[in-house]
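To start, the structure itself, in structure tokens.
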Amino acid sequence: MAHKILLTLGLLSATHALPSRWRNAVVQRGAADVTKEYDYIVVGAGTAGATVADRLTEDGIKTVLVVEYGTVAEDDSFMPPWNIPAPQFFYNLTSVPQPETNNRTFSVANGCVVGGGTAVNGQLFNRGSKHDYDNWARFEGNEGWNWDGVLPYFKKSLTFNKPTPEMEEFGITYDVEAAYGGKTPIYASYPPFQYPGQKIQWQAFAEKEGVVVQKEHADGHAYGLFWIPTAMDPARAYNRSFSGQGHWIYVPPRENYHLLTDHRVIKVNFKRRQGIQEAESVTIIPRFGNSTAFTVKAKQEIILSAAATRTPMLLQLSGIGPKKVLEAAGIKPLVDMPGVGWNLQDHSFSFSTFNFTTDVWPNPAQLTNNATFRAEAIAQYQQNNTGPYAAYVVASGLFLPAPAFLQNFTQQFVKELLAQHPAGYLPTDLPRELVAGYAKQMEILLESFKSKTSAIFEHLFSGSARGTAILVKPFSRGFIKLNPADPLGEPIFDYRLLSNPIDLKLHIRMAQYLREHYATSPTLKPLSPVELDPGPSAKTDKDVEDWLRAKMFASNGHSCGTAAMMPRELGGVVDGELRVYGTKRLSVADLSIVPLIPGSHTMTTAYAIGEKAADLIKARAGLGV
């Protein structure tokens with residue numbers, strides 16, 4: 001492999017050896033070996049960043065440096081049955097206490113590894129509905145980001161594998177022509193094993209009033225009940241498929257594609273020309289050992305792809321952001337932009353648990369409470385790549401629009417939303433453009449709330465007795481900003497969880513929907529479900545509210561929106577071509593740009609952003625797309 005990995009000597013001695021697939025890589029051992037100038041610099045080798053770098057180097061001519069704070073994960077780091085990413089593959093970031101959940105703090109899931117979130121996430125390859133992405137285009141300047149504008153990039157971003165013949169009994173449905181067709185070595189597949197309880201749970205939801213059963217969700221119909229492919233590669237024993245492989249390891253040899261791991265970009269450097277801040281270079285420091293900074297220039301463009309948790313932080317460190325935040329951190333403001341770090345959205349969720357007292361065999365619980373079954377499952381996987389450990393991820397889900405689960409409560413919620421003032425549940429000192437932006441979001445979200453084609457509530461199932469209730473269209477908004485006491489340290493990260501009370505009320509209704517389902521479903525009755533948590537003592541909505549405040553979670557690892565693609569006068573940070581307002585030669589390509597979080601897990605959206613960003617960057621440079 002002729003594309004280059006640039007590592008410090010200290011890292012090599014710490015890890016002893018590169019992964020076997022990388023043995024022929026050209027290793028450069030320090031800042032002195034880094035080329036001083038590249039055509040493009042990409043900050044972050046995550047889901048979108050590695051995608052952008054791969055596409056920009058396809059011609060073999062344009063030079064790209066990707067700077068990644070994390071390290072390279074060996075291929076077997078994620079191999080079943082130990083498919084739990086190690087702590088070193090995450091940033092160590094914790095939210096501030098959340099007042100609405102008893103002042104609890106929450107870990108912030110953020111991949112710190114080549115491949116980013118795709119190397120550490122739950123591997124669900126689902127997209128939002130057509131409605132979700134059409135909502136993006138309702139912001140002026142985003143016309144190319146509607147469903148028709150992003151579908152080609154969804155298709156391009158992956159290779160779809162049909163389910164194996166053994167899975168026919170489960171009735172997995174899909175539509176390759178409508179939803180797939182790409183050949184990128186990022187693999188969306190169905191595992192060759194499902195628990196028998198999966199069929200029972202599917203049937204129980206399929207017979208419920210208001211639930212639409214979809215043949216395929218990824219063609220824009222991501223609402224109702226449907227199957228979800230997962231990021232796994234059948235050719236590699238159903239191991240995780242992630243961006244670090246598909247957009248780095250599997251890339252043909254390219255001398256123009258350089259990756260610098262275990263280094264951090266701490267600043268984008270600008271030169272002011274004709275009243276515009278023009279990005280020229282980045283300042284980099286090693287993660288380990290010698291902390292001496294060095295600078296690398298970009299001839300064409302600098303692309304920030306450090307995730308919604310890190311990109312706004314880097315913008316602020318570079319003098320782009322809210323003036324008060326920058327001055328408090330001792331940073332000279334270059335572009336006063338209040339939206340940098342604002343508009344944080346994520347998918348909060350709760351777990352209700354049940355016991356199937358007459359469960360079918362086998363079932364997921366036996367992997368933990370039956371040593372013999374676990375040993376047999378491990379042997380089955382290691383010998384044949386089949387069995388429970390080839391199906392360590394969820395493959396189906398229920399994604400309900402508000403009218404489908406709120407039922408008689410729908411009009412009550414609509415009335416309450418209409419009565420809300422946009423600033424009513426926002427920070428009191430929020431700049432007017434951010435309030436205006438939220439008002440526009442509220443207008444759009446209200447229509448989504450009334451729609452029958454836009455999911456609000458997600459529930460995943462795989463044969464286990466638990467009620468996962470995920471709110472996929474939150475109304476609360478959080479923020480990320482520099483810590484003035486330590487600007488280069490971990491930022492201040494505030495989900496502002498449940499700050500809009502409508503979110504808590506939605507969580508109550510979602511939890512109650514699942515409790516009622518498990519208690520009354522005729523199809524589940526032979527399994528004899530018994531509720532364990534919140535338990536029979538939780539008799540009222542207030543009881544469930546107290547349970548949620550004590551036990552719900554702030555995040556599904558889907559942070560979005562902190563450098564939003566919206567008009568600047570509405571608090572936006574980038575335009576429809578992902579260029580940062582008030583600057584030249586600086587763009588963002590990651591989930592930071594999302595104006596409204598889609599009703600799905602965010603991996604596929606991040607891949608599509610990377611693919612579309614690469615074409616936008618090529619187009620403005622006059623390169624072929």
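Along the chain as shown, residues are numbered 1 onward.
Note that Cβ sites are derived from N, Cα and C of the backbone, with glycine treated the same way.
TrEMBL labels come from automatic prediction, so no person has curated them.
As annotated by TrEMBL, active site, proton donor applies to His558. Look at TrEMBL and you will find His601 tagged as active site, proton acceptor. The FAD binding site annotation in TrEMBL covers Val113, Val265. Per TrEMBL, the feature domain 'Glucose-methanol-choline oxidoreductase N-terminal' maps to 111-134. Summarising the annotation, TrEMBL assigns signal peptide to 1-17.
Structure with TrEMBL features highlighted.
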residue: Val113; record: FAD binding site; Cβ contacts under 8 Å, 6 or more apart: Gly70, Thr71, Val72, Ala73, Pro85, Gln88, Phe89, Ala119, Val120, Gly244
residue: Val265; record: FAD binding site; Cβ contacts under 8 Å, 6 or more apart: Val43, Val67, Val282, Thr283, Ile284, Ala306, Leu314
residue: His558; record: active site, proton donor; Cβ contacts under 8 Å, 6 or more apart: Asp346, His347, Leu591, Ile597, His601, Thr602
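Summarising the environment of the residue listed as 'active site, proton acceptor', the number of other Cβ atoms within 10 Å of its Cβ, over all protein chains shown, is 27. Same-chain residues lying 6 or more positions outside the domain 'Glucose-methanol-choline oxidoreductase N-terminal' (111-134) and placing a CB less than 8 Å from one of its CB atoms are 44-47, 49-50, 68-73, 78, 85, 88-91, 145-147, 149-150, 154, 158, 188, 217-218, 220-223, 228-232, 240-245, 248, 259, 261, 307, 393-394, 397, 448, 451, 453-455, 460, 557, 596, 598-606.
In three-state terms derived from DSSP, Val265 (FAD binding site) belongs to an extended strand segment. In the three-state DSSP reading, His601 (active site, proton acceptor) counts as coil. In the three-state DSSP scheme, Val113 (FAD binding site) is classed as strand.
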